[in-house]
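Asks: Have a look at this one before I ask anything.
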Amino acid sequence: MDVRVIHCLLLWAAHFFLAMSHSTPRVLSNKSKTGDEQDACINLIPCQDNGAICIQPCSPSFHGETSFVCEDRKWQLLSDACASLDVQSLFQRISQSELLPCSGGHGGGAGAHLPFGGGGKLGHGKPGDGAKHFGAGNQSCQADFSCIIPDILSSPAIPGNIADIVELLKKISLLLSENVTRGKMQSYSRIANHILNSSIISNWAFVKDRNAGSILLDSVNLFAGKLLLRNESESIQEPFIATKGYSIHRNTSGRSFDFSMEFNSTGNITGNVVIPEEELLRLPRASKAISVAFPTLGAILETNQLGPAFVNGMVLSVLLPEELQNVLLTFEKLNKLEQVGAQCVGWHSAERRWDPRACRLRAHSVTAVVCICAHQRRTYRSFSILMAPAAPRSLVLDYITRVGLGLSILSLVLCLAIEAVVWHHVTKTEITYMRHFCLVNIAASLLVADVLFILAAIVHNTALNYQLCVAATFFLHFFYLALFFWMFTLGLLILYGLLLIFFKITRSVFLAAAFSIGYGCPLVVSVLTVAITEPKNGYLRPGACWLNWYETKALLAFVVPALSIIVMNLIVVVVVVVKTGRSSVGEGCKSQDLSSMIRVSKNVALLTPLLGLTWGFGLATIIDSRSLAFHVVFALLNAFQTREALRMNCLSSRRRWGLEKS
């Protein structure tokens, strides 16, 4: 069967089913309000049921509807599908020339083969609207789609029109993408540019189809990939979308695409695509490479992100032969105010989300990010950079963290050295052996965790390897959990010494229980966490070698055990305070009261860092993550957390050993 005949049949079928599907009555949910109740949306009458939907028709000059959702007894705008464009008629005008050959031999005009007379968004408008546009103008539309540009550019870029234009561009890409000339690409770009303008990006939030941004990206990529190159190169520039193409072959030197585009009224943003020479050597024949840049599309695609990470550069699409595997991309940052973590990502066209597996970070500066990305025609064709929300940064906070971490490591090494020297002299009784055994393991776990913290930062900053980052995160998670579980073991030991005076446990039983709690529990939690989340690529958080939070909540595997142990150890401190302060109750002696207060204060001062209670202040940084004061206090408390407590214990051990020798 002739290709043209098949193409005509596909067009006819598409028009028929679209017209039929949109003539079917719509069934509303039980909570939806219709009819006279729709005035409640307009007048914002307080609603009763949270989550209830109110459907309101558009004004007479528009077609479609507006949806409101009940939140806090008020109707909030959910989606706005009111549109003024007659998109179906526009599509008929540019596709009619393609349908004309189908009428040959069938004794009918072109219009006889359309299942509907025209109409707005998939069936709206007046019958026959499309027919009045057929005729002599079709030849120019066939060449460059120019006849529909005035109607589109004169329409307001409201959410309903945005959705209609996205649908129009999708249909053009699917059905009219043969022989994409420069004229067609220019018209296509002008249409897309109309809904990508930075001044109307906020309107995308109320487009009914939440995947409209992804559909637009896929449609542009499909259409641009069919662009015919004249004189071995092509360049088509609009303020908010640019397309460039080159003819490439194995003997070509490395090709690059340089973009400098308007982002908003304040200035331009740049991007660069480089195809390395070693990649071009893979080409078996001459081919073409096309790149499309979108400076504003990243803000639209952010709605597909679960976390707070935001796109901080233009979106660059790269359309290459399948033999080429890697490209080098440079993104200028939109927000250059702070040096925060950057992550190179590719848009997963099937899952409609940003995927960090597509790229790796090569270089990172205050103004730009360089990425190496894997090009896959069916999966990854568009790339950008994600940035985490700016955490509070200051020289004071950095100084406290670095100095505190360094002093903590030195103090822990010194403490372990002292314990090794005096071990046999301070562990002569069962209870002292158990106490010092817990202290040594707390010090060892914190020391390893501090070293791994530094290594994880190095791995992240240089983007050495994804697997290396996973390994660093696993061991960091394990040893921080071990720190808390050994502090929990010490808390249980303190309770044992205070409450179970006449109950004795053997050293072997203690060692078995302590190792099971101190290292066994963290190992189980760490292994289960990586086993459950890593297959879904949800183990690591974007931009850091640490547990993910927004996608898989893997961080709960650390937060829940840590906070539970902090609560348990707080109970231990309360018991110690009650037991040590009991002797002064009812005695009426001020000197004994003062002695008891001093004793209690010393115990609290020692046990608070030793049992990890200072970590409880981390809740404040979760509640208000942008408060610099909370971060400084938390850094101070935890940078010197166990250093001071272990120093006091180690020095007391050394003094006790000195007394015994004398």
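Here the Cβ of each residue, glycine as well, is placed from N, Cα and C on the backbone.
According to TrEMBL:
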type	residues	note
SIGNAL	1-21	signal peptide
DOMAIN	249-393	domain 'GAIN-B'
DOMAIN	397-653	domain 'G-protein coupled receptors family 2 profile 2'
TRANSMEM	403-426	transmembrane segment
TRANSMEM	438-458	transmembrane segment
TRANSMEM	478-502	transmembrane segment
TRANSMEM	509-532	transmembrane segment
TRANSMEM	555-578	transmembrane segment
TRANSMEM	604-622	transmembrane segment
Asks: Find the member of 403-426, 438-458, 478-502, 509-532 that has more C-beta pairs under 8 Å to the transmembrane segment (555-578) than any other listed stretch.
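Replies: Looking only at 403-426, 438-458, 478-502, 509-532, the most contacts with the transmembrane segment (555-578) come from 478-502.
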Asks: For the domain 'GAIN-B' (249-393), what is the mean per-residue pLDDT, to the nearest integer?
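Replies: Computed over the domain 'GAIN-B' (249-393), the mean pLDDT is 81 on the 0 to 100 scale.
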Asks: How does the domain 'GAIN-B' (249-393) divide up by DSSP, counting helix, then strand, then coil residues?
Replies: 15 helix, 73 strand, 57 coil
